[in-house]
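K.L.:
Before I ask anything, here is the structure I am working with.
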Amino acid sequence: MLKAVILIGGPQKGTRFRPLSLDTPKPLFPLAGRPLIAHHIEACAQLPDIREILIIGYYPQTQMEGFVGDMQALYSSSNINIRYLQEFTALGTAGGMYHFRDQIRAGNPRAFFVLNGDVCADFPLQELCDFHEKRPASALVTIMSTEATRQQSLHYGCLVFDRSSGAVSHYVEKPSSYVSTFINCGVYVCSMDIFTVLAQIFHSRGQEYSCQAFCNGNGNGNGREQGHIKWEQEVLTPLAGTDKLFAMPVPNWWSQLKTAGSAIYANRHYLGLYKKTHPERLANVGIKRGEGDGSLICTVHPDVYVHPSATVHHSAVLGPNVAIGPGVTIGPGVRIRESIVLEQAQILDHTLVLHSIVGRGSTIGAWARVEGTPSDPDPNKPFAKMENPPLFNNEGKLNPSITILGCFVQVPAEKILLNSIVLPHKELSRSFKNEIIL
């Protein structure tokens with residue numbers, strides 16, 4: 001038996017994903033018509049030995065229970081139990097696993113997967129599991145690894161490993177100088193003995209906590225709970241060079257979802273994966289899937305996802321890389337490319353939407369133009385990953401990026417919105433360029 005753990009953090013995480021995360025938890029943001037971590041769950045469910053998937057974070061239970069209920073119903077026939085375990089406070093990337101160790105160990109699984117909730121990938125979980133089980137008995141963790149450019153590697157966990165055995169000899173999280181172009185993908189398979197290591201860290205932290213609390217009178221002086229454990233720095237780094245940490249390099253597509261701009265890039269790749277795994281989800285032939293009459297949607301340039309409840313005028317043109325959410329209305333002559341349109345949005349007649357995300361319940365008037373600047377990886381650099389630049393450059397000016405409309409934004413007719421970010425519930429009255437509209 002196998003289990004999987006998906007780590008999703010909490011509300012104070014994912015701030016760079018605003019304004020999209022202001023009304024929807026980042027792990028539930030839809031990519032290619034499915035919530036982000038639904039893709040993780042789908043990958044885990046492909047493994048015949050998976051019996052339970054645990055989502056660990058500190059989002060309120062009320063924000064996650066609807067999604068978990070939907071997933072449980074979807075995979076009930078596969079005999080997979082899906083649960084959300086809410087941390088009482090932020091416990092770090094490994095603290096939550098240790099806190100819920102009894103739930104993870106219940107049923108005596110032979111190993112369990114750990115997936116960071118903010119990564120997007122074509123997850124080769126079966127290959128990762130097979131690789132791990134062929135390692136020596138001392139192996140505790142196997143990391144899924146990929147290559148990045150020399151400069152970009154500094155933004156990730158870097159590892160040095162033996163290419164024949166996979167044994168990791170050195171691991172550094174976000175090094176200040178070059179270590180290796182092989183990086184940590186945030187996907188792991190762990191032996192159950194890893195909890196012995198976590199227990200040692202927890203108890204040593206307890207002694208440190210007690211000492212600091214005594215010296216400081218009350219708190220421990222750093223604002224962290226005793227159970228707060230950093231997976232990368234406190235677990236992986238010490239395991240390197242002990243023949244207990246291994247890595248499996250993969251050529252598969254992989255990306256992090258850190259900023260709103262990276263959502264469009266991830267959306268494109270998940271739509272591309274559908275062609276291989278779920279072609280029935282795509283509207284690439286211009287036919288609305290799930291409709292009894294098989295009526296023509298509109299002109300489609302693959303790959304495009306259209307929710308069955310969306311209304312699209314036959315003269316509209318969609319794609320490539322477009323996802324249309326539930327209840328969306330798209331009027332005559334509309335052109336949408338490289339964009340995500342969320343539920344209940346309205347795109348009125350002859351509007352152009354390029355490299356943008358249109359928030360839930362937003363309306364764009366007729367003959368308007370909403371356009372952003374793509375932030376894709378450099379196609380001329382092998383292994384290049386998504387750049388996640390800050391909002392502002394060194395001169396204090398807004399960096400060009402995709403255009404984002406928060407929920408329930410009103411864009412009037414015949415206006416232009418270029419490289420701008422609009423916070424929720426704003427009613428615009430003029431055109432904007434390179435601005436954040438508060």
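Cβ from N, Cα, C; glycine included.
Marked as GDP-alpha-D-mannose binding site by Swiss-Prot on the basis of similarity to another entry: Glu87, Gln256. Taken from Swiss-Prot, the feature region 'Substrate-binding domain' applies to 2-260. Annotation source Swiss-Prot lists region 'Hexapeptide repeat domain' at 282-438, citing similarity to another entry. Taken from Swiss-Prot, the feature region 'C-loop' applies to 373-402.
Tell me about the surroundings of these features in the structure.
P.N.:
Cβ neighbour count for Gln256 (GDP-alpha-D-mannose binding site): 19 (other Cβ atoms within 10 Å of its Cβ, all protein chains included).
For the region 'C-loop' (373-402), the model gives a mean pLDDT of 75.
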K.L.:
Taking the Cβ of Glu87 (GDP-alpha-D-mannose binding site) as the centre, how many other Cβ atoms fall within a 10 Å radius?
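P.N.:
Summing over all protein chains shown, Glu87 (GDP-alpha-D-mannose binding site) has 19 other Cβ atoms within 10 Å.
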K.L.:
Please work out the helix, strand and coil residue numbers for the region 'C-loop' (373-402) from the DSSP assignment.
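P.N.:
Per-class counts: 0 helix, 2 strand, 28 coil.
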